[in-house]
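Asks: One structure is given below, represented as structure tokens, and several questions about it will come after.
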């Protein structure tokens, strides 16, 4: 039990469970999942499905933040990719042609890679501060998305494209499967190869890593490219879910939600340490919070305040320093750990997958 | 010293860029008030939606038709651009200035400048909050409360014979925006007369399809018995339709849907029977605006508030007008 409570992800997961349980009071059938119309149907499925794009964006953001950077442009990349894919599909004669949709998706993801590489280039090669470098694309990207859509909402009517964000495969929403696959791939690459360690090393001290023989520029560049690609996939999911591209509103303020998810997951904003599982929990927590607001009927005027309060509580509860201060008085004295090397080992941060 | 110089150079460059950017919009025809034609300076909010684009097109087309020389400027959703545009209109000595204010406040100074230059001002689509109403001649635009009332009237008529309670869910526009506040109020006032109408859930969908779908998904789970959906614009309604279909229900039949705006995608859904009723919020105020411009220019008195000519659409009407729908 004690080791469970000590686990880094204990508090975020506990908050997530608490939030889910609180829904039960308002909606007794909240946890029921049924098969309707040949696919899974229920609030829990909704949370994961609508959370999938956020998970994608936050995954990319985790890697960027782990290298000590930040990517503010992901929201704009979301808008650009959705716009490009929908524009391409709307231009072709038969919107339902699978080949045409594949070309559109490939084009959009190609552009996402390019945009990520642009950010990476500015940060790793030119040496601009990440927050400024990615701010460029954050502002310019919205303009680019509106240029593609011509300021309009492009509506497409394409069943293969619809699959990405709004469709089902083996009764499970396709977006959930994509998010699962990408998360698994990220865990595999960062925890089963040396890549994760290299990223943390660059985030800890880029110069020292370079002197130790790590291509730190290449690692940083790669992190931004992956962030771009993840945002691109999220952009496809979001636009496909509503079969339309909205250059103005798609992915608006997504970068902030993504950063929040990363922080809730326990990744340090200073870089050098990250947790992919934590990020996924963080993203689900944010989406659960949004769904909770809708189902409990909190008036829209106070939504933002409620969100801010919950997030503040989550962050406070997660902080060991805060817990120590608040709960110290209630703890039994004898169980205080003895000082010395034994305590030092338990203090060491575990790095879960 | 060097730093100060470089700052000056950068400032100079920026100013030059801004001036060029502004100059690009001009047609170079000069003030053009000598040839007897009325010159109208119009500053548009931007091109943020299909609605706005249709609004721009209507104004440009009807100006051409009415033989009015239009100087058009796009503010790209920034108030400072709009103030700059109005000042340049004053310098060019246009006959009349019309604009859709990006925001409600902060217009007194520039409008006084226009007044001092004896150039009448007409507001379109959006109002300003200045207490001094002598600063502008008239305000032409939609009455959002009226739109909400029209939506409520249809609902009352549709359920006139029903005795069971009617459960309504509402998708509001962006929190705090005038259309969201007024459409909610107008609708609420009408249905409050009969206790059988009950708004069981009301949340903001930010006027977007994605949010409309997400919120409706949550509504469908927390309220198993929904009879009517009232969405403050078509886009949220369209998103909600997808959510309703995903829940295995039939939009338009199992859940009756009322929306506001009547953009093309919405009208298509109405014609397809997925929406039951749309209250129009017309962007096509060009012809009415040009009429006002001529009257004001001739020195005639005009009403301080002019409502845009708007109608409502049922499914049959939508089928009839859909082929010639402009936006």
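A Cβ is built for glycine as well, from the same backbone N, Cα and C atoms used for every other residue.
Bear in mind that TrEMBL entries carry predicted annotations, made automatically and left uncurated.
Here the structure is a predicted model, which means the values were calculated and not measured.
Relevant sequence annotations retrieved from TrEMBL are reproduced here:
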TRANSMEM  A:9-27  transmembrane segment
TRANSMEM  A:72-90  transmembrane segment
TRANSMEM  A:96-115  transmembrane segment
TRANSMEM  A:122-148  transmembrane segment
TRANSMEM  A:168-189  transmembrane segment
TRANSMEM  A:219-239  transmembrane segment
TRANSMEM  A:251-269  transmembrane segment
TRANSMEM  A:276-298  transmembrane segment
TRANSMEM  A:304-322  transmembrane segment
REGION    A:331-353  region 'Disordered'
Asks: Out of A:9-27, A:96-115, A:219-239, A:276-298, which stretch touches the transmembrane segment (A:122-148) the most, going by CB pairs under 8 Å?
Replies: A:219-239
Asks: Please tell me whether the transmembrane segment (A:276-298) and the transmembrane segment (A:72-90) touch - that is, whether there are at least 3 C-beta pairs under 8 Å between them, with each pair 6 or more apart in sequence.
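Replies: Counting Cβ pairs under 8 Å (6 or more apart in sequence), the transmembrane segment (A:276-298) does not reach the transmembrane segment (A:72-90), since there are fewer than 3.
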Asks: What same-chain residues lie close to the transmembrane segment (A:251-269): Cβ under 8 Å, and 6 or more beyond its ends?
Replies: 8-9, 12, 53-55, 57-58, 60-62, 65-66, 70-79, 82, 138, 231, 234-235, 238, 275, 277-283, 285-286, 311, 314-315, 318
Asks: Restricting to the same chain and to residues at least six past its boundaries, which positions have a Cβ under 8 Å from a Cβ of the transmembrane segment (A:9-27)?
Replies: 43-44, 264-266, 275, 277-278, 281-282, 284-285, 288-289, 291-292, 295-297, 310, 313-314, 317-318, 352
Asks: Looking only at residues six or more beyond either end of the transmembrane segment (A:304-322), which have a C-beta under 8 A from one in the stretch?
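Replies: Distant Cβ neighbours of the transmembrane segment (A:304-322) are 11-12, 15, 19, 260, 263-264, 266, 285, 289-290, 293, 298.
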Asks: Six or more residues out from either end of the transmembrane segment (A:168-189), which same-chain residues have a Cβ under 8 Å from its Cβ atoms?
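Replies: Those are 35, 38-40, 45, 48-49, 51-53, 55-56, 59, 63, 195-196, 230, 233, 237, 241, 276-277, 280, 353, in sequence order.
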